[in-house]
Amino acid sequence: MILNNLKLGVEVVGAHNLLPKDGQGSSSSFVELYFDGQRFRTTIKEKDLSPVWNEAFYFNISDPSNLHMLALDAYVYNNIRATQSRSFLGKITINGTSFVPYSDAVVLHYPLEKRSIFSCVRGELGLKVYVIDDPSIKSSTPISAANDTHVHSHSAQTPAPKIPRSEVRHTFHHLPNPNHPQQQQQQQQAPAVPVPHQGARYMPDEMKVPEPQPPPQLVRMQSATMSQPVDYALKETSPFLGGGRVVGGRVIRTDRMSGCTYDLVEKMHFLFVRVVKARELPAMDITGSVDPYVEVRIGNYKGITKHIEKNQNPMWNVVFAFSRERMQASVLEVVVKDKDLVKDDFVGLCRFDLNEVPMRVPPDSPLAPEWYRLADKKGEKIKGELMLAVWIGTQADEAYPDAWHSDAALSVDTAASTLIRSKVYHAPRLWYVRVNVVEAQDLVPTEKTRFPDTYVKAQIGNQVLKTKPVQARTFNPLWNEDLLFVAAEPFEDNLVLTVEDRVAPGKDEIIGRVIIPLSMVEKRADDKMIHSRWFNLEKPVAVDIDQLKKEKFSSRLHLRVCLDGGYHVLDESTHYSSDLRPTAKQLWRPPIGVLELGVLNAVGLHPMKTRDGKGTSDTYCVAKYGHKWVRTRTIVDNLCPKYNEQYTWEVFDPATVLTVGVFDNSQLGEKGSNGTKDLKVGKVRIRISTLETGRVYTHSYPLLVLHPTGVKKMGELHLAIRFTCTSFANMLYKYSRPLLPKMHYVRPFTVMQLDMLRHQAVNIVAMRLGRAEPPLRKEVVEYMSDVDSHLWSMRRSKANFFRLMSIFTGLFAAGKWFGDICMWKNPITTVLVHVLFLMLVSFPELILPTVFLYMFLIGVWNYRYRPRYPPHMNTKLSQAESVHPDELDEEFDTFPTSRSPELVRMRYDRLRSVAGRIQTVVGDVATQGERLQSLLSWRDPRATALFVTFCLIAALVLYVTPFQVIAALIGIYMMRHPRFRHRLPSVPINFFRRLPARTDSML
């Protein structure tokens, strides 16, 4: 953006249901806008409680870098003509963090707020707020103090600009340049735990080769609450990372290195060779030309560029990276060869002694390539020169992501190296498309002797929905039915609506068609009514022109179409959601923290394929959180690969889950093709709310996968995780907010609609990520999103049942204890219980304080035994160890089944569908009970701290407050008038729904 032309655009659309203030049941309202020392005012709408202005104003932004610190204030007043004064009707305040570019702006209706506790307001104000840098737009004239008493309009008549999609610019945050002296000084002055930019990769501050360090030290074994085999439990380790050794979640410096931001992975040193170009190569063919390519060799490792036909001055610009720890030679050879049909000819070479290769140490800039004379095999100089750059660096080098890696591609040619590189993907922003089919008018069926039996078929891409058929006695059928779709930005598809007539069973004829581009559909961020429109139906096929002159085709279709941005589009299992924000960016809150993930290594992987007579694997890791997906490089032919890659995400809600999966790349080699699926090795899920702030978790996670033969451990994945809180107050405030955006509670979807929309959303995300290079394949997206978690499984149903039974274990134990009291099995305990009971009966005001104080003491006592590690897959909890082979065969059966004849198949599928619903209900009930248990278990340390503090305060308040007062207040609150009830869930319910359950430990 051109900062000098940056302006804040505010379109005052209208207000609704304002408070009457003129004594005659109405108001003459206007709006005043305040921003950055500037003030604008709309025209006055006389005697109108729902005025419409549609006026645009443009504020100058004096300092764009300080935009997030500013706020827009809008005041609604009633004009009193007789006294030339005004009365207050309401106000709203919009923070600068909510401002979005013009392309993302939608009209949002804000509820009016009070100016003080004595104010009386009601109604809403509709605004469209955006930031724009169009130099053709002139700022509005602000109101001066001289004309402040006159109420008139200062709206700019410039219409809202339409910015073409090609000009919409996206801002990406990059790493700071460590070679810049000023930035290096800023890095040295940074705090101990700085916050990295999103998408940052590991960048250590020191490039010096360290002395060999011992392997990571294993501290102790961890296991879940329900005991399971030690081999399936978490292992807490104490590895050497970039910042030092990690012990007990804290980084202990082992040298004098200064603190660096990206310190969650181990430094890996590489020999980088950049082959730029060659010139004046000698002719090797009879035709007097040469087909050159370059082969870079060090010991048993080599990399080859592509050959360029008939060119004596070729250009490659390719970077090769050779792992320093796997080198077994001290001489690097760069050989130029001539491609030939029978045997490639030798052209010339360059040799480098590795002891003389320079090391890139900050603040050095990238090494400049140099021209080197080619030599023959004897070392004598010949004709031709090669431009090269050779240096030693780490994975922080800017050439690392696009380099051809020797340790990742020992058996992969250079052409296929793009399939094994590490990449960062961004899933498309998804919208719900709501199509309300109201009615049709003047339909013209093919048979004039009958009334049509019509329905409307709507289609977006591969999504097809139909309304119910209407057998009307007229040619104007009425449906008034909602159809819901999922669409992704940029909107490339069209909405196609077809009116069809069912002339006979299995035979439908098209009456007309409407095509609506999704890019032209109105966006909304709340539940305000969308204006309906009539669309002319078009004939689907060509007709006779003379016939059209006699009968003009004028059928119409009445529709309401909008893009609903107030919802969060669910594209993953609701139990493991990684993002809960609505689609509309105006509704996004500031981030509450930063999540850093270091993918260290994997050990003991199970061989997934056979190569050269031995079992091996070509594995890579995929991490998913929010819209950002990351993929590490593929380590070829290695059962203990070392990745050492670090990634960063912004966290907007602690009740979200990070998912990390390991896959075997099946697209390499001669047998690799697009038809071969990448095999799943296992995955890890980590809920953010279970992580302590600032602690480094360095656990080794077992990769557990359920196969038709039972549960198998496919290896272990070593991760380093750190959650850093940037706004503690905002994070605590999140616990009082609804889990999902407001629209999910105001206009909720049915369970069937959510399942259908989620299926479509996953398909769209998989299709978009599959078009990237390298593609993130569909089976990877589906496995990471748990697409089959809602299907019937006898194993899951038993697991949910036992989860539910474990919830009531405490009640059963309390009942047994009370039975023992009644039976006087322990006389001393029985007497004490009788004394306590008589005391509480005599002083009922002590009952509630005693209960809350007891829970407070339990919470404090359980603090000693709080979990010190994130929860992981539990095979006993998942009933994966004791499952019957027939039940496994049922779980891995296709849907629909292929095990029985047609009749049994139909009944079997119906049973699986119904039982899947029962399984979900049982799981939800168990989840609520587990959330009750987590109140005092410190599984979520912040939530337990809040609840324990509340218990202490409640105990004190209830101690000094009469019980009758408390009972009266509770009764009055429960029986309050509907006017005082809010459509959103209350704060206690929101707090309860954010508590973690044991769903994270379910396989």
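Cβ from N, Cα, C; glycine included.
Any TrEMBL annotation is an automated prediction that lacks curation.
Features as listed in TrEMBL:
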{"type": "COMPBIAS", "residues": "176-195", "note": "compositional bias 'Low complexity'"}
{"type": "DOMAIN", "residues": "1-110", "note": "domain 'C2'"}
{"type": "DOMAIN", "residues": "252-372", "note": "domain 'C2'"}
{"type": "DOMAIN", "residues": "411-535", "note": "domain 'C2'"}
{"type": "DOMAIN", "residues": "576-701", "note": "domain 'C2'"}
{"type": "REGION", "residues": "142-195", "note": "region 'Disordered'"}
{"type": "TRANSMEM", "residues": "801-819", "note": "transmembrane segment"}
{"type": "TRANSMEM", "residues": "831-861", "note": "transmembrane segment"}
{"type": "TRANSMEM", "residues": "945-973", "note": "transmembrane segment"}
Inset, instruction - Mind tallying the domain 'C2' (1-110) by DSSP state, helix then strand then coil? - result: 15 helix, 57 strand, 38 coil
Legend entry - Whole-number mean of pLDDT values that fall within the domain 'C2' (252-372): 83
Inset, instruction - Taking helix as H, G and I and strand as E and B in DSSP, count the residues of the domain 'C2' (411-535) in helix, strand and coil. - result: 10 helix, 68 strand, 47 coil
Legend entry - Contacting positions for the transmembrane segment (801-819) when only residues 6+ beyond its ends and CB under 8 Å are counted: 877, 879, 922-923, 925-926, 929-930, 932-933, 998
Legend entry - Number of helical, extended and coil residues in the domain 'C2' (252-372), per DSSP: 6 helix, 53 strand, 62 coil
